[in-house]
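These notes are about the structure you will find just below.
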Amino acid sequence: MTVEGSPDRSIEPRTIEYSGRNQKTPQTKCCSPTLKIFIGLLAFCYFTKSLTGAYTKSTITQIERRFEIPSSTVGIIDGSFEMGNLLVITVVSYFGAKFHRPKIIGAGVLLMGVGTLLMALPQFIMSQYKYDTAAAHGNDADNFTVSSTCSSDNQSTVQQLVSGCLKGEAESSPTWVIVLFGNILRGIGEASIGPLGMSFIDDYARPENSAFYIGCLHTLGVIGPIFGYSLGSLCASLFVDIGLVNQESVTITPQDSRWVGAWWLGYVVSGLLTLLAALPLWFLPRALPENPQTSKLDHPSSQHKHTLSITEIAKDFGPSLKRLLTNGIYLLYLVYSVLAFNAFTIVITYTPKYLEQQFGQSASKTNFLIGVTSIPSVALGMFLSGWIMKRFKLSLLGSTRLMFFSSVTSLVCTIPYFALSCENIDVAGVTVPYQGSIEVQDISRGLLTSCNTDCGCPDFQWDPVCGQNGVTYISPCHAGCNSTRGAEQNMTFHGCTCIQSWGLTSGNSSAVLGQCSRETSCTKMFYIYLALQSLAFSVYCLGTVPFFLVSLRIVDPALKSLSVGVFLLVSRVFGGIPAPICFGALIDSTCLKWGQKKCGGSGACRMYDIETFRYLFLGLISSLRTISYTLLWIVTTQIKRKVQNDKQMSKDGELQHPVLCDPE
């Protein structure tokens, strides 16, 4: 039980960690482990954790295309990390605080490494990636199943494919479930790092150093996403079956909506690094006090001489949880955090995809620029957050005010996002009709028209070509092209009747592989967006350290680990899991052209209505943040009122709420 006027740290965690041990003077030699060594090792764990997390976000598009699944299913895969985490977060955060925390953290990191390696497994059990292409090439004829040009033979070829499907020849197993299971294991392993790591530091660090250490920890951990997005950029530029196919025979480019990068390679690299990070934690002692005074408090002569059993600890779990959930300010802070975490999850999960679709950038370029522009600004914001807390010795009320100021200011910085937009490219039968009329035809029937009706073009084909009229056609067949010249990526198509229908002569009715390029202003707006995003992230992250410390300081010191566990659990149940799934479904609703599997069923989306996508993405995030910051303002006023009441009661010698009496 915490006693009024006792030292700054909770005694309870130390009571159990040293109970039942022989009385020894804590080691203070230079060669013995110190708290700073633990912080360094924990920072490396944060590095590998955040590296893998950022890499996972960067592979969203690649996984969607490789397994031919919609964004809502990819959202389930992404949310599975939170599903695994919530299974154990409360139990680990409460019971783990009573035992050897460094070893429990090490076990969790080990499980994360295994799960990360498991996510790469489908690549080694699946067949090679095949895509339909008009450019027939050598031994890769499997990718070329339908005639590239207008031909009556196409219909019979499609019928042969259908008969093959009926025999089960083209069926494939849903191996994306393995990726989901691996991500669940990652979530289970991660459950020990945050609650136990932060509470360990807050227990054994000097009061004036605790916030600074946590700020440094998150600053070092945020370096991980820089490498994660850079690794994602590198892997996205490599073809998925690297080492198994001749790269020169690959006729699609990273800008193509059919392109799949080596998504699996980064999971192998990050998985091995995570396993390496787990090992040193197993060799640390149960406690690492930062000063001799703390060591005396932890000495068994000052504490109970018996070790609490799991049964005794479990009996206290219910009352402890009840005390926590009857704290009104804590509950209000939880609701704020859920809404803020929903917006945060949408941002980190779908920003790469949004930039790819909105500004027509490749996944490789997008991931690289996110890593080198946004992540350093996040690190700067986190470092300044810890420095401000240490320099000005902010109280609980001051911490909340800093968090509110940084949140609202960052929201203002995002307003210009709405003005940065590009238009959809002209795709015949999708965004524009085949002939230059004003309204688009019904998309379900608009792909076939008088200029290509007799060509037998299959519905599932997506092999875009750019006509000389500046319009993109979903395949040479749909453009009504009759002949080809050249080979592979240099192939051109001629005699395209649908292009001629725009008033061009037969000599100007050719097309080349690939979609038509967007307007040049898109690239400029892309860089402006990244600059504004970096500024917004930097300002927002000024509230990072207060965000965690507030959840620790508005509860009884004995409940710190449990409060963090419940905090993370609730945030993930109502934020981390539903946000990517629900928003993924909203993204699917903006799809203009779905890819189709040869054996039926929808695959990955080939083209989105980027204007609707933009308003959904930016509008939903801004709305969630606005509501959450309103609640944060209410929390701030409640804390201010509580602190004032506690001060008044303290003057009268009747202080009843020591938890909220945070020293100014």
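We number each residue from 1, going along the chain as drawn.
Each residue, glycine too, has its Cβ placed from N, Cα and C.
Look at TrEMBL and you will find 38-640 tagged as domain 'Major facilitator superfamily (MFS) profile'. Note on the domain 'Major facilitator superfamily (MFS) profile' (38-640): mean pLDDT across this stretch is 82.
Marked as domain 'Kazal-like' by TrEMBL: 445-500.
Look at TrEMBL and you will find 37-55 (among others) tagged as transmembrane segment. The list of residues near the transmembrane segment (37-55) in space but at least 6 beyond its ends in sequence, with Cβ under 8 angstroms from a Cβ of it, reads 81, 102, 105, 109, 112-113, 116, 186, 190, 193, 197, 200-201, 213, 216-218, 220-225, 227-229, 231-232, 266-267, 270-271, 273-274, 276-278, 280-281, 284, 288, 371, 375.
Taken from TrEMBL, the feature transmembrane segment covers 76-97 (among others).
If you look up TrEMBL, you'll see 103-121 (among others) marked as transmembrane segment.
Residues or ranges marked as transmembrane segment in TrEMBL: 211-240 (among others).
Per TrEMBL, transmembrane segment is recorded for 260-284 (among others).
For 330-348 (among others), the entry in TrEMBL reads transmembrane segment.
Annotation comment: TrEMBL describes 368-389 (among others) as transmembrane segment. If you look at the transmembrane segment (368-389), the same-chain residues 6 or more away from its ends with a CB under 8 A from one of its CBs are 54, 58, 211-216, 218-219, 222-223, 225-230, 232-233, 351-352, 355, 399, 402, 406, 530-531, 533-535, 537-546, 549.
What TrEMBL records for 401-420 (among others) is transmembrane segment.
Counting same-chain residues at least six beyond the ends of the transmembrane segment (526-550), those with a Cβ under 8 angstroms from any Cβ of the stretch are 198, 210-211, 214-215, 218, 333, 351, 355, 359, 361, 369-370, 373-374, 376-378, 380-382, 384-386, 388-389, 394, 396, 399-400, 402-407, 409-410, 413-414, 416-417, 420, 564. The transmembrane segment annotation in TrEMBL covers 526-550 (among others).
The transmembrane segment annotation in TrEMBL covers 562-587 (among others).
Sequence-distant neighbours of the transmembrane segment (615-635) (same chain, 6+ residues past either end, Cβ-Cβ under 8 Å): 329, 332-333, 335-337, 339-340, 342-343, 346-347, 350, 354, 400, 403-404, 407-408, 411, 414, 417-418, 583, 586-587, 590. The transmembrane segment annotation in TrEMBL covers 615-635 (among others).
Across the candidate stretches 103-121, 211-240, 260-284, 401-420, the maximum count of CB pairs under 8 A to the transmembrane segment (76-97) is reached by 103-121.
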